Amino acid sequence: MTGPAAVPANPRAERALDLLSFALSDVRYGLGAYLAVYLLTEHAWDEASIGLALSFGGMVGLVSQTPLGVMVDAIRAKRALLGGAVVVVTATSLVIPLAPHFWAVASAGIIGALAGTTMGPTLAAMSLGIVGPGRFAHRAGRNEALFHFGNGAINLVILLTAPFVGTGIVFVMMVVTAAGSLYAVSRVPAGSIDHALARGLLPDREGHGLRPSPWSTLLASRPLMVFAGTGALFHMANGPMLALVAQKLALGHPGQGIMFTAACAVAAQTVMVPAAAMAGARADAWGRKPLFLAAFVALALRGSLYTLSDHPAWLIGVQLLDGVGAGLIGALFPVIVADLTRGSGHFNAAQGAVGTVHAIGGILSGILVGFLVVNAGYQAAFLTLSAIAALGGVIFLAAMPETRGAAALPGAAEAAGGPPGAPP
C-alpha cells in the first residue's frame, strides 16, 4: 500500500459505518437536554442543582479530549473501544431514574462524559482507516449527514410520543439506539481498519517504517493553530444562539417554550443533513476553505437576522441557518484536522486538542451572553455574537490556507525513517 488509491472499497464496512453514524446520534451525548427537563419535571430539582450536577461531566469531557484522543491513536481495538463506550453511556443514563440523587447524577455524568468523548474520534479514526485519506472527506460528510438525520428522526419520535407515554420514551430510545450501535459495530469486519491510516500515519516509500512524528510538529503548525483559534470564535458565536432564541420564544409565548424549542431543533436538523452531505461531496472539488468560510457567513447573518423580528415564524425560519453552519462545520472538522496532521500519527490527539480549544470558546460565550442579556438585552447579545462570527470569518479568510492536498507535516517523513524532506 503506497497511498490513498491503494485502499480498496469495502461496502460491508461502509454500510456498517452508515448505520453506526445514524444510531450514535442518540447515544453519543447521552440524554442531552432531556436530562435537565427530566430532573426538573419528574424529580423537582431546581435549576441551580441541575446546572451544577451536569457541569461536572461537562468539565471532565472538556479536559479529557486530548488524552482520550491519544488513547484512540494508540489503541488498535477500536471496535471494542466504541462498543464499550456505547454500553457505558447507556448504563450511566439508565441509572439516573433508579438513583435521581445529586451525587449519583453527577457521577454518572462524569463517567458518561469520559465514554462519550471517545465516540467521535473513534468513529472518525475507523472511517479514515477503512476508506483512507483519499475518500475521507466524502465519508466524513456522509457520517455527519446520517448523524443529523438520526438526531432529527429520534427527536421527532420523542416529540410525537412523549405526550402519550411520558418522559420514559427518552430512555427507551436510548436503549434502542444503543442496541443499533452495538449491532453496527459488530458488522465492521475485523480486518477492514488500517490502524496506521486511522491515526494519520503514511507509509514511507518502501511501505514500512511507520512511526509517529514528534509532538513539536503539531505545535509548529501555524494552520493548525489558526484553525483552533478561528474555530473557537465560531463556537463562541454559535454556542448560545439556540438557547437565546428558545428563551426569547418562551418569554413571549408562555407555556409553549418546549414546543418552540423542539421546532427550532428540528428546523436546524433538516438543513444540517443536506449541508453535511454537500460538504462531504464537494470538499475535494471546491476545497475546504470556501465551505468552512460559508459557515462563518451563515452564522454572522443568523445573529443579525434574529434582531429584525420577534415573530415565532421568523425566528424559527432564521434558525434554518444554524443547519448550514453546523452541518458544514461538523462535516469539515475531522477532514481539516486530517489534512493538517497527515503523516504525523497524531490525528485523533489533534482532534481532541483542537476540539478542546473550540469548546472553550463555547464556554466563554455562555458567560459573555449572560452578562449581555441582563445588562443590554437580547438584541445586543445577538449583534455581539454576529460580530464575533464575522471576526472569525475575516481571520479565517486572511490567515487560513486551503488544506486540500496539504503536504505531510514537516518531520513526519523523518520520523518514518526517510531523509529530511523526503516525500511520504
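Cβ coordinates come from backbone N, Cα and C, glycine included.
Unlike curated records, TrEMBL annotations are generated automatically.
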From 17-43, 314-340, the residue range that TrEMBL assigns the feature transmembrane segment: 314-340
Interface check, the transmembrane segment (352-374) with the transmembrane segment (291-308), three or more C-beta pairs under 8 A: no
Contact call for the transmembrane segment (380-399) and the transmembrane segment (291-308): at least 3 Cβ pairs under 8 Å, seq gap 6+: yes
The transmembrane segment (314-340) vs the transmembrane segment (48-68): 3 or more CB pairs under 8 Å: no
Dominant neighbour of the transmembrane segment (258-279) in 48-68, 105-133, 224-246, 291-308, by Cβ pairs under 8 Å: 224-246
For the transmembrane segment (48-68), sequence-distant contacts whose Cβ falls under 8 Å of one of its Cβ atoms, 6 or more beyond its ends: 35-36, 39-40, 102, 105-106, 108-110, 112-114, 116-118, 121, 349, 351-353, 355-356, 359-360, 363
